[in-house]
Amino acid sequence: MPAPYEKGSEKKDANLFKTRCLQCHTVEKGGPHKVGPNLHGIFGRKSGQAAGYSYTDANKKKGVEWTEQTMSDYLENPKKYIPGTKMAFGGLKKPKDRNDLITYLANATK
């Protein structure tokens, strides 16, 4: 079972986002979809729901509401959490890295 989410370091994770996520995702309001969807407003939204992005059926049918904890569970191993997702990212195995990234995302995607 994945470790529980704990608030991390937003500064450390801005760099993690740039090196691990930015090539496929944007976070700013009105930002474009890239290979992956724009993540603005993701917390509180259900999986597969960003307007204008073409999700796999697996993402649409998962129906999970994104919270800090569900995002942590997903980012540990995306393909295990949502079998059939097209997200190619292998995941973040270290709970601290996930916590830092999610802390950054929670602020950057408001």
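Each Cβ is built from the backbone N, Cα and C atoms, and glycine gets one as well.
Taken residue by residue with DSSP, His25 (heme c binding site) is part of neither helix nor strand, so it is coil. The number of other Cβ atoms within 10 Å of the Cβ belonging to His25 (heme c binding site), over all protein chains shown, comes to 22. Swiss-Prot lists Cys21, Cys24, His25, Met87 with the feature heme c binding site.
Sequence annotations record features per position, and here Swiss-Prot assigns N6,N6,N6-trimethyllysine to Lys79 based on similarity to another entry. Lys79 (N6,N6,N6-trimethyllysine) falls within a helical segment according to DSSP. The Cβ of Lys79 (N6,N6,N6-trimethyllysine) lies under 8 Å from the Cβ of Thr85, Met87, Gly91, each of these being in the same chain and 6 or more residues away along the sequence.
When the Cα positions of Cys21, Cys24, His25, Met87 are compared pair by pair, the longest gap among these heme c-binding residues is 11 Å. Excluding the listed site residues Cys21, Cys24, His25, Met87, the same chain places Arg20, Leu22, Gln23, Lys34, Val35, Gly36, Leu39, Phe89 with Cβ atoms within 8 Å of the centre of the heme c site Cβ atoms. Cβ neighbour density within 10 Å is lowest for Cys24 among the binding-site residues Cys21, Cys24, Met87.
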